[in-house]
Structure formats: structure tokens, C-alpha cells
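Trainee: Sharing a structure with you now.
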Amino acid sequence: MIHTNLKKKFSCCVLVFLLFAVICVWKEKKKGSYYDSFKLQTKEFQVLKSLGKLAMGSDSQSVSSSSTQDPHRGRQTLGSLRGLAKAKPEASFQVWNKDSSSKNLIPRLQKIWKNYLSMNKYKVSYKGPGPGIKFSAEALRCHLRDHVNVSMVEVTDFPFNTSEWEGYLPKESIRTKAGPWGRCAVVSSAGSLKSSQLGREIDDHDAVLRFNGAPTANFQQDVGTKTTIRLMNSQLVTTEKRFLKDSLYNEGILIVWDPSVYHSDIPKWYQNPDYNFFNNYKTYRKLHPNQPFYILKPQMPWELWDILQEISPEEIQPNPPSSGMLGIIIMMTLCDQVDIYEFLPSKRKTDVCYYYQKFFDSACTMGAYHPLLYEKNLVKHLNQGTDEDIYLLGKATLPGFRTIHC
């Protein structure tokens with residue numbers, strides 16, 4: 001009897017000690033990275049499993065010897081230990097928090113954010129609802145579809161209907177060249193795409209959108225080879241020396257965008273572009289007359305910005321949305337489903353800005369000039385994929401506007 005009681009006490013001590021150790025390890029690891037949190041979960045389960053086996057093994061003799069004196073107590077002890085052994089922590093992945101705010105920025109980026117609020121280069125005077133208006137994911141998709149007009153400058157738009165522009169703009173609407181497609185991929189230029197091995201998956205889509213000067217050569221395994229649309233900012237078209245000659249800019253449909261003063265119409269924007277890319281645009285069209293090359297209407301970025309401000313928890317940078325966010329909305333207009341790669345960071349998250357350059361800055365993930373943090377909040381809210389896809393692949397999945405019913 002004394003021997004049995006000693007065994008019971010020893011088993012209880014071991015149980016308490018191991019549980020205490022698991023809690024300590026969990027608290028310490030909780031401070032670590034996304035990946036450490038995921039590994040800890042697996043280790044916790046293994047420890048609990050071993051703990052259950054150990055407790056069951058050491059108590060089996062105690063239960064059998066004491067069951068003759070108190071059989072009900074023996075069954076109760078055995079049942080509780082089996083329950084412990086079967087317990088599994090639920091799968092969870094630390095991914096982008098859709099309620100992120102400026103409080104999540106490091107001090108340097110907080111200062112930049114405040115500076116842009118005071119600068120207000122584009123003369124933003126938002127008078128809409130918010131900030132902090134709450135939408136369900138379904139309602140927000142409808143709100144975007146109904147209030148953000150994805151359209152290109154046309155030959156009938158002044159001053160593009162003058163003799164100065166005759167023959168330069170594409171005659172066909174982009175809708176006759178692009179889509180409708182089923183599954184589409186939007187491939188960011190993030191440094192975390194390096195070593196992702198996502199190339200084959202990306203190329204498996206019906207259409208692929210890339211940004212600015214992001215290459216595929218030498219990076220095929222990670223980013224694929226297909227380019228259906230390339231969205232470029234006006235700075236690249238104006239200042240990139242290789243733009244007129246590099247074959248990178250001869251593949252797929254090209255779209256250039258340039259920010260205007262807040263909600264300016266086309267004539268006002270034309271008089272005061274952010275970058276005067278018009279001459280280079282014309283030169284390119286002379287060199288490559290058969291290359292589809294469109295100009296995004298300047299109203300669209302600010303229509304999107306208004307919604308970002310409406311739903312965000314605070315004032316956002318009064319600067320236009322990023323090319324990444326514009327590209328996502330463009331593809332939601334043309335596709336039934338849009339898979340977005342490394343816009344929401346995966347476990348490969350890094351301060352390396354681009355997969356094809358060694359340039360380090362946390363602003364490339366969190367945003368500085370563009371309201372990138374709030375754009376990521378929106379995408380996370382709309383995501384129909386899993387947190388596991390975000391964590392492992394950096395993939396968010398959004399439905400196209402044609403597939404939703406409002």
C-alpha cells in the first residue's frame with residue numbers, strides 16, 4: 001500500500017513538473033517569430049502526448065492495485081489520463097492582423113506616417129463616412145465593385161481626342177484584350193518570394209499580373225514565367241532608361257498609372273501629372289505599335305483610396321494606393337478568382353524589398369508613402385483562403401466582382 005502511494009505521488013509530481021515546463025516554454029516562445037510559434041505548437045502536442053503516455057504507464061500499476069479497494073476512482077483516473085493523451089491543440093497560424101494600425105509601426109515609420117499626414121501633397125479633402133466604418137466581407141466586396149471604376153483613358157477623352165494624340169492610344173478597349181478569365185494570379189515583387197518555389201503554381205493560372213520591372217528570368221522557380229498584364233507606375237515609364245529597349249516591357253498587356261491631385265478629372269490631371277510620362281509613352285508606341293499599352297484613368301486610385309479611408313481605424317496617408325492594391329482591384333474586375341502572392345507576408349517575411357534586388361527596408365512591408373498597412377487590412381478582411389495558405393505560401397484568395405451577388 002505504501003509502495004502504491006509513493007508511485008502515485010511520484011506520477012503526480014512528474015505530471016505537474018512537465019506541465020509547468022510546457023507553460024514556461026510556451027510563454028518564452030510566444031515572443032518569437034511567426035515560424036517559431038508554429039513549431040512550438042507541434043512541440044507542445046508532442047510533449048502532451050509523451051506526458052499522457054508516461055502518466056498512463058506509471059499509473060497503470062497503481063490503478064490496478066488500488067481498483068480492488070476503490071474501482072470507481074481507478075476508472076476516473078484512467079479516463080482523465082486518456083483525455084489528456086488525446087488532447088490536440090487546434091491549428092493556428094500567426095498571420096497579418098486585419099485590425100492593424102499605426103500603433104504596429106516602428107517609431108521611424110510612425111514619424112513618416114505623421115509627416116505625410118501633414119504634407120498632403122495631393123490636396124486630399126476627404127468628406128466621406130468614417131474612419132472605422134465596419135463592413136462584412138461580402139458588403140465590402142460589393143462596395144468596392146460599385147464605387148471603384150476600373151477604366152482606361154480612351155480616344156474620346158479630352159485632350160487625348162486631339163490631333164496631338166491621334167494614333168497613340170489603343171483603339172480596342174482593354175476588355176476586348178483582357179479577360180474574362182477564371183483563375184488569376186497577382187504576383188507581388190516582395191523579397192519573401194525568393195526560395196518560395198511557387199513558380200509552377202503561379203503559371204498554372206489563366207492570367208498573371210506583375211508589377212513595374214519585376215523580372216521572371218533567373219527567378220522562374222519562385223515566380224513563374226507567365227506575364228499577362230504588367231502594371232507600371234509613371235515614374236518607371238518616365239525615368240527607367242531600359243524601358244524603351246528592354247524586352248521585359250514587350251510581353252503581355254501594359255498599363256501605366258499616374259496619380260493626380262485628389263479627384264481631379266482628366267484635363268486637370270493632364271496639365272499637372274505627377275510624372276510627365278506622356279512623351280515616353282508616345283515614343284514607346286512608335287517603337288511598338290502592336291503592343292497593347294493602356295493608361296489608367298486617374299480617378300480610379302482615389303476612388304479606391306476613399307474606401308480605404310472609410311474602413312480604416314484612423315487617418316491614412318493622403319497618398320494614392322500602391323501599385324499592388326491597384327493591380328488586385330484590376331484583376332478582381334477581369335477574373336472570377338484572384339490569388340495574390342506575398343502581398344500578405346508569409347513565414348518567409350523579410351525586410352528585403354524585392355526578390356530581384358538586395359534592398360532592405362521594413363517600409364516595403366508596412367508602408368510609408370502608400371497606405372500599405374491599411375491595404376493589407378482590406379485584403380485580409382476579404383480573403384476567402386485559409387490562414388495556413390497565407391502563412392506557408394503567402395497566398396490570399398479573393399473572388400472576382402463578376403462572381404458576387406449584391
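The backbone N, Cα and C atoms fix where each Cβ goes, glycine too.
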Trainee: So, in Swiss-Prot, which cysteine from CYS142, CYS184, CYS335 is disulfide-paired with CYS406?
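Mentor: In Swiss-Prot, CYS406 forms its recorded disulfide with CYS142.
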Trainee: Of the residues ASN161, ASN212, ASN272, ASN290, only one is listed by Swiss-Prot in the substrate site with SER189, ASN233, SER322, SER323, GLY324, CYS353, TYR354, THR365, TYR369, HIS370, LYS376. Which is it?
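Mentor: Swiss-Prot lists SER189, ASN233, SER322, SER323, GLY324, CYS353, TYR354, THR365, TYR369, HIS370, LYS376 binding substrate, and from ASN161, ASN212, ASN272, ASN290 it also lists ASN212.
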Trainee: Identify which of CYS24, CYS184 is listed by Swiss-Prot as the disulfide partner of CYS335.
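Mentor: Within the candidate set CYS24, CYS184, Swiss-Prot assigns the bond with CYS335 to CYS184.
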Trainee: Just give me the nearest neighbour of THR365 (substrate binding site) among the recorded positions CYS142, ASN149, ASN161, CYS184, CYS406, Cα to Cα.
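Mentor: Going through CYS142, ASN149, ASN161, CYS184, CYS406 one by one, the closest to THR365 (substrate binding site) is CYS184.
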Trainee: Looking at Cβ-Cβ distances, which residues of the chain lie under 8 angstroms from CYS184 (disulfide bond) while being 6 or more apart from it?
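Mentor: In sequence order, HIS205, ASP206, ALA207, VAL208, LEU209, THR228, MET331, LEU334, CYS335, GLN337, VAL338, ASP339, GLY400 meet the Cβ cut-off.
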Trainee: For HIS370 (substrate binding site), just count the other CB atoms lying within 10 A of its CB, please.
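Mentor: Taking all protein chains shown, HIS370 (substrate binding site) has 20 Cβ neighbours within 10 Å.
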Trainee: Tell me, how many other CB atoms lie within 10 A of the CB of THR365 (substrate binding site), whichever protein chain they belong to?
Mentor: 22
